[in-house]
Structure formats: structure tokens, C-alpha cells
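Annotated domain 'Sodium/calcium exchanger membrane region' per TrEMBL: 5-158, 192-329, in sequence order. The feature transmembrane segment is assigned by TrEMBL to 6-26, 38-62, 74-99, 120-138, 144-163, 184-207, 255-277, 283-303, 310-329.
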Amino acid sequence: MLQNIIILVLSLGIILTGCELFTNGIEWLGKKLNVGDGVVGSIFSAVGTCLPETLIPIIALLFSKGPESVDIGIGAIVGAPFMLSTLAFFITGLSAVVFAGRRKTGYILNVNLEILSRDISFFVIIYTGMILASIITFGVVKNALAFILIGCYVYYVFKTVNGDRSSDEEIDDLTFARAFNTKANIFVISLQVMVALTVIIVGAELFVSNIEVVSKGFGISTLALSIVITPIATELPEKFNSVIWISKSKDTLSLGNITGAMVFQSCIPVSIGILATCWRLDTITLVSALLALCSALVTFLWIKVKRQLSPIPLLSGGLFYIFFIIFLVERGFK
């Protein structure tokens, strides 16, 4: 047990190191490709960090035979956006408060409101479609909806790329270029990003496998592990990336990293889940989906009314997460 706890702590350091490399490399990739924070945060970073963990439930759905495995796979697919829109929002808001003294804008987040509101509106519409798909009984209609979700993501990428503008913010020297005394060319940048993703995946795998051992050692149930603890672990890269960017006052990158992942997770994995399974949401999964929508809508409405973003609506995501934990405890995790 002690060995697992030590590895757990070390794995957090590995993930954080990978995220530092990744955020630095992905900013340089955006600079070289002459794209702005919208593309870098909402597409490059979001897809890059969430793709590895997304593959796990998808593979489980495609190759598993038992109904329990299918339920866990569906829960993981639906649960990822829930974790992002509640816990990741909360951590980002908390980071803005913690780093307020060193940030250029203090508590107020200097975020591109157009990009953020577009991301959240896409997520709300698409995630609502995902919930509706669970009550549709006609297979043809359900399958058509899956392809519509894929089309929605293609359209989202198109809108993000076309509506973006290149950033002129200063960025830190490329880590690999400085370490190996070479120029920051596209090869070195790509190499750093790939190495960073590999480090993140290794660290996340170590964390997940050891958190399972530690949790069982403390008598935590398998269901609680799959619904609460494992998703927190698998979403660590997005959370770490956002904290790093918030500390550097790069708020559009920080929020885009989360909201872009929310859009991706609600489109591609969900569409595959709809096509590969009967796609029925149990009570726990449905409640988590509705809470994810509510949390996202709080931030969306705040932006529309206030025309700025403070940590308050983001911190409210923690309340939705706590409500979900209370709901699980009341049900006895059943």
C-alpha cells in the first residue's frame, strides 16, 4: 500500500511535467501555424489531452460482450464532460483566485468571450442531443443522430478555425530548443508535443492503476471508483493544463482547453457509443448529464449577462459536483 501511495505521488509529478512540456509545445505549434488561442486551446490542446483517455471506454464498448462493461463504458463517455464542466471549471476558478496576485487582470479572467460562449453553446446543444438519443427507440433515427453529432464537430472545427485570429502574446522559449540548443522548428516542436503526450499518458496510467489499488485498500467500492475517482484521475491533464495557463494569465487557452474537450467528448465518443450500443442512460448517468448541462449554463448565462467572466460561475461547478456526490451517497452508490 505504501509503495502504491509513493507511486501515486510520483505519477502526479510525471503528469505535471508532461503538462508543462505540452502547454509550452502546443503554444509554439500555434505560433508556427499562425493560429490563435481559439484553435490552440479548443482544438489542439483539448483533443490532444483528452484523446488517450477517450480511447479507453470506446475500445471497451467495441470489444466487450457483457452488459456491465457496456454500462461502465457509457458512463465513462457521458461522465467525462460532467467532470470537465463541474470539477475542472471549479479548479480553474479556484486557480484564478489563488493566482490573482500575480495575474495581469487579478480575479477577472481575460478570456475571449466569443470563443468561450461558442464552445459552451455547442456543448449544450450537442449534449442535449446525446440525452435525447437515449430515449429514442427507432434505430435508424438514433444512428442518424450519431452521424449528425460527428457533422456538428466538423462544423465546430470549421467555425473555430475561421473565426480565430493569430495571437501576438509572448511565449516562453521552447523547452526542447533551449535544452538541446537548437532552433524551434516544426520538427522540434512536434517532437516535444509527442513526448509530452507520451509522458502524460504514462503518468495518467500509473495514477489510475495505483489509485484503484489504494482505493480498494481503503474499502472504496468498485462503482464509486468507476464513477467518481477514476474520472477525476483521467481528467487530470486538462485540469493541470488549465491551472498552468491561468497562472500565466493565458485565460482563453485555459478555458478553451476545457470547453473544447467538452465539445469533443460530447460529439465523437458519444456518436461511437450510440452506434455501438443500445445507448440507454441509467439514473446515475442521466443525473450527471443534467448536472453537467446546468453547470455549463451557469457560466454561459453569466457571460451573456455580465459580458465578462469572474471565478464565481466557474466555482459554482464545485457545487454541482458536490450535489452529485451527495446523490450517490444517498443511493448507496447504486
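For all residues, glycine too, the Cβ spot is worked out from N, Cα and C.
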Counts of helix, strand and coil residues, the domain 'Sodium/calcium exchanger membrane region' (192-329), according to DSSP: 120 helix, 1 strand, 17 coil
Recorded stretch, among 6-26, 74-99, 310-329, maximising Cβ pairs under 8 Å relative to the transmembrane segment (184-207): 6-26
Contact call for the transmembrane segment (120-138) and the transmembrane segment (255-277): at least 3 Cβ pairs under 8 Å, seq gap 6+: yes
Winner by Cβ pairs under 8 Å against the transmembrane segment (283-303), considering only 6-26, 74-99, 255-277: 74-99
Range from 6-26, 144-163, 255-277, 310-329 with the greatest count of C-beta pairs under 8 A to the transmembrane segment (74-99): 310-329
Dominant neighbour of the transmembrane segment (144-163) in 6-26, 255-277, 310-329, by Cβ pairs under 8 Å: 255-277
